[in-house]
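Undergrad: The structure that follows is given in the form of structure tokens.
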Amino acid sequence: MASWNSIPLEITYETFGWLAFFSWSISFYPQVILNFRRKSVVGLNFDFVLLNLTKHSSYMIYNVCLYFSPVIQRQYFEKYGSGEMIPVAANDVAFSIHAVLLTAITLFQIVIFDRGTQKVSKISVGIVIAVWLIAAICFFIALPSQSWLWLISIFNSIQVFMTVIKYIPQAVMNFARKSTDGFSIGNILLDFVGGLANYAQMAVQSIDQNSWVNFYGNIGKTLLSLVSIFFDIIFMCQHYLLYPAKKATFRSKLEREGKEPLVKSLDETASENKEDHTSEFVVKQTNYASLQNICTLLTLLYNFDCDRIGKFVDIDLHY
């Protein structure tokens, strides 16, 4: 088995690897938290979650087997050469196991939370059944000749295929709804970072070994990064450019909180100024009438006209 030629490149490789691991692993949590807070999964495409579970399960089988099985590693070296390095790192194994668990939790949320009118399509169910049926057939084909490297390459191909198609239902659903509400953009941003870090990790290894075998020797990992980045860009365009979220006005939000806004809109300011001017005019009219009445009363008292004083006072009281 080959060793690293450069310590700095080895450190860089590990850094990118764990950056991809943490980015991809944390990317599952925004959607889980969003579902929990809303007590609803409306807006999250169920086909996307089901296909994603199949994808990560296949990827986990590939990573775990190639990383831990000496038999499969020997078959890998026989095929690609003993001087090559295993294209699966510890962070790949940790990520895939964690991904299966978190995707299963998301699927459980779909079962217990409000789903609206959404449901899993028959097409996705059919695809998942067909994929696992093909995997079972391949297992019995590989069993007599112990072709385990070929078998896990089938699982790797499955995860690549599922990666390509799993994003399509969510992208189409966002387009049909003209909205990304219910689908966490945090998941996409972290997934984008993870894809870039994963691709950079493979490039660093190729530079150190002066060989690009790990790109086509682990074609699944290569396509995983490229496809993920491609669809992440689509989702970011949908969220930020095509269908930006309609946010409640600042005024209504503060009214729900029982507060007054620090800055009011121009329409609100103009309306309030108009009301203030009207109120001020009414007050001025009232004050002027009162002053006029007082002057009239003083004039009558000065002339001591009892009859007119009595009538004026009576009228003024009713006023």
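Including glycine, each Cβ sits where the backbone N, Cα and C put it.
Pulled these from TrEMBL:
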TRANSMEM  16-36  transmembrane segment
TRANSMEM  57-73  transmembrane segment
TRANSMEM  93-113  transmembrane segment
TRANSMEM  125-142  transmembrane segment
TRANSMEM  148-168  transmembrane segment
TRANSMEM  180-202  transmembrane segment
TRANSMEM  222-243  transmembrane segment
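Give me the structural setting of these features: burial, nearby parts and distances.
TA: The list of residues near the transmembrane segment (16-36) in space but at least 6 beyond its ends in sequence, with Cβ under 8 angstroms from a Cβ of it, reads 44, 89-92, 94-95, 98-99, 102-103, 105-106, 109, 113, 182-191, 193-195, 197-198, 200-201, 204.
Note on the transmembrane segment (57-73): residues 86-90, 92-93, 96-97, 99-100, 131, 135, 146, 148-149, 152-153, 155-156, 158-159, 162, 220, 224 of its chain, located 6 or more positions outside it, place their CB under 8 angstroms from a CB of the stretch.
Tertiary proximity for the transmembrane segment (148-168) is limited to same-chain residues at least six positions away from its ends with a CB under 8 Å from its CB atoms, namely 47-48, 51-52, 54-56, 58-59, 61-62, 65-66, 69, 71-72, 75-76, 79, 127, 131, 134-135, 138-139, 142, 218-220, 223-224, 227-228, 231, 234-235.
Non-local neighbours of the transmembrane segment (222-243) in the same chain are 59, 159-160, 163-164, 167, 170-171, 174-175, 177-180, 183, 185, 188-189, 191-192, 194-196, 198-199, 202, 215-216; each lies 6+ residues outside the stretch with a CB under 8 Å from one of its CB atoms.
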Undergrad: With a Cβ cut-off under 8 Å, give me the same-chain residues at least six positions beyond the ends of the transmembrane segment (180-202) that come close to it.
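TA: Distant contacts of the transmembrane segment (180-202): 13, 16-17, 19-21, 23-24, 26-28, 30-31, 33-34, 38, 40-45, 87, 89, 170, 174, 214-215, 218, 221-222, 224-226, 228-229, 232-233, 235-236, 238-240, 243, 245.
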